[in-house]
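J.: OK, TrEMBL features for this one:
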type     : residues                           : note
ACT_SITE : Lys161                             : active site, proton acceptor
BINDING  : Gly60, Trp62, Asp80, Asp96, Asp121 : S-adenosyl-L-methionine binding site
DOMAIN   : 28-203                             : domain 'Ribosomal RNA methyltransferase FtsJ'
Amino acid sequence: MSKKGSSTRWLQEHFQDPFVLKAKEQKYRSRAAFKLQEINAKENLLRSGMIVVDLGAAPGSWSQVASEQTGQTGQVIALDILSMSPLSRVSFIQGDFREEETLNELKSVLRDHSVDIVLSDMAPNMSGIIATDQPRSVYLGELALDFALNYLKPSGSLLMKSFQGAGFQIFYNSMHEYFYQTRIIKPMASRDCSREVYILAKKLKKSKL
């Protein structure tokens, strides 16, 4: 099948996807909202009053869910290099969280508070070449992990997207050094054909705080 034909088929499947239709109906910015909703329903990760940082947040569906769950007393801080339309009860910082300027802005918003949970639904720009895409995915996971170790409180959690493939198991195993509990989750809203999974890590053994 040609690249054009493959793209057309993907678009048709995407717009017929029940989670895409449901997201539009419930005014979520993407179908990814239901991945976080499902995981949260099972794990009780997001609670009233929590401080949440959402890495790679745009277009903002995970921040929407986090804001709903943490309520008026919670704080959700969304970071992305891309722009993002404003959301109620969400502080947005546009910038690269690897850069000092962005981190200084984050620290100003946090006001010396540590974070209850770090969320990351980041994915690399996919080329379709697994040998290229997979290392990029692992690298994003490493960035999210390093960020979490710097900002999470001892009881904190990290939930992040990853992709199964070369280097995944080594990266996942390395997280046991930092967290008491780790597990791999495949929510129903993740497409069956996708290598996408989510890593949930709870309770820090050690941090950089």
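Glycine too: its Cβ is placed from the backbone N, Cα and C atoms.
Unlike curated records, TrEMBL annotations are generated automatically.
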J.: With DSSP assignments reduced to helix, strand and coil, which class does Trp62 (S-adenosyl-L-methionine binding site) get?
T.: helix
J.: For the domain 'Ribosomal RNA methyltransferase FtsJ' (28-203), what's the model's average pLDDT?
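T.: Mean pLDDT, the domain 'Ribosomal RNA methyltransferase FtsJ' (28-203): 96.
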J.: Please find, for Gly60, Trp62, Asp80, Asp96, Asp121 as listed binding S-adenosyl-L-methionine, the greatest distance between any two Cα atoms, in Å.
T.: 18
J.: By the DSSP assignment reduced to helix, strand and coil, which category contains the residue listed as 'active site, proton acceptor'?
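T.: Going by the DSSP assignment, the residue listed as 'active site, proton acceptor' falls within a strand, counted as strand.
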J.: Identify which of the binding-site residues Asp80, Asp96 has its Cβ surrounded by the largest number of other Cβ atoms within 10 Å, counting every protein chain shown.
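T.: Counting every other Cβ within 10 Å of each candidate, the maximum falls on Asp80.
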J.: At the Cα level, what's the spacing in Å between the residue listed as 'active site, proton acceptor' and Trp62 (S-adenosyl-L-methionine binding site), rounded?
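T.: Distance between the two Cα atoms comes out at 12 Å.
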